[in-house]
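To keep things clear, I will list the structure first and then write my remarks on it.
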Amino acid sequence: MSDDESAYSASEGEEYEETTTREEVKEKVKEDTEDEERKKKGDEGANFLKSRQQMKMSELDEQLAEYIAEWRKQRAKEEDELRRLKDKQAKRKVLRAEEEKKLTEQKKAEEERKMREDSERKQREQEEKRKRLEEAEKKRQAMMKGSSEGGGKKFSKGGGDKLSNIQAAKGELGKTREQLAEEKKIALSIRVKPINVDGIGSDQLRHKADEMWNLIIKLETEKYDMEERMKRQDYDLKELKERQKQQLRQKALKRGLEAEALTKQPPSKFERRTDRRTYDDKKKLFEGGILATTSEEKEKKWADVKTQFEARQKAKLPKWFGERPGKKAGDPESPEAEEVEEDLEPPPPPEPEYEEEEEEEEEEEEEEEEEEEEEEEEEEEE
């Protein structure tokens, strides 16, 4: 290859390299411009989004500020209302405390008044009881003096008002133990008088002791007489109660009831008692039922049929028209007219159906009844 060709090829190679470098530079410049444009567009979009987000945040901030302001206003109102209610509650507490204080004072005054009235009433009743007991003691002492002077019996059966005694006894039964103890204390204070021994000599003391001894003997005799009288009255009451019981028993037996039916404690139906019914009474308990009803229906039906049969119309045979064939001289016109129609007997009644009972059971029941009657007789004798 010649030098010219080599130089030409070298120049061509340099030109080719320059063209390639130019194209590459152009492409790079183009890419750079595109990148710059892309960056500008991206920056513009980012700025738009950022501005939009900022607008939304500002709107949210404004709404939140309004909500907070409204909440603060509502909270202030609620606090004012709560403060007002607390003040009202405190005032009510003060008023209630004053009212309770007044009520307690009124209740206390009412209780004191009631207690004072009760004490005054009790004192008046005690004074009245004392006066009444003093009068009764005076009457009793006067009666004792009269009986001692007359020498008669101390306790007469016919003396005194029985109705007043009964009312007094009922009044005594209605009293409580405290009332009876109080009356006893008052009676003892009236009867037992204090003894003044100041300035009394030995002879007077001996005379006083003799009087007290005689009084003790007298009271002991009265006590013994009263105890004997009470025993006699208790015995009379028991005897009268027993008589009343026997009369009620007899009355109940006459009526066909239990012996204890008319007493204060009639026998219960749940208690075990002796059966006083007869065999016929027991037998009648098991009579009846379907057999009895059917037999009654049959008898009723038979009675109806019998009455219909007896009430039937007895018709005679009709007479022949003209002369009967085969009639002889002297014969009646119709021999059937002279025949008397015989009454037919009604059908017999149906036989009643009775239950066949065994003889052994009847004998056992009769023996049981005899044993029960013997036991009742033994109880009555006891």
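Just so it is clear, glycine is given a Cβ too, placed from its N, Cα and C backbone atoms.
Among the features that TrEMBL reports, compositional bias 'Acidic residues' is placed at 1-18 (among others).
If you look up TrEMBL, you'll see 19-44 (among others) marked as compositional bias 'Basic and acidic residues'.
Residues or ranges marked as compositional bias 'Basic and acidic residues' by TrEMBL: 75-88 (among others).
The compositional bias 'Basic and acidic residues' feature in TrEMBL is assigned to 95-140 (among others).
Here the compositional bias 'Basic and acidic residues' (269-286) has, by DSSP, the following mix of helix, strand and coil residues: 7 helix, 0 strand, 11 coil. Taken from TrEMBL, the feature compositional bias 'Basic and acidic residues' applies to 269-286 (among others).
Under the heading compositional bias 'Basic and acidic residues', TrEMBL lists 295-313 (among others).
Residues or ranges marked as compositional bias 'Basic and acidic residues' by TrEMBL: 321-331 (among others).
Taken from TrEMBL, the feature compositional bias 'Acidic residues' applies to 333-345 (among others).
Taken from TrEMBL, the feature compositional bias 'Acidic residues' applies to 352-382 (among others).
The feature region 'Disordered' is assigned by TrEMBL to 1-55 (among others).
Per TrEMBL, the feature region 'Disordered' maps to 75-177 (among others).
Residues or ranges marked as region 'Disordered' in TrEMBL: 244-382 (among others).
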Could you give the residue numbers and ranges of same-chain residues that sit at least 6 residues beyond the compositional bias 'Basic and acidic residues' (269-286) on either side and whose C-beta is under 8 angstroms from one of its C-beta atoms? 258, 362, 365-366, 369, 372, 375-376
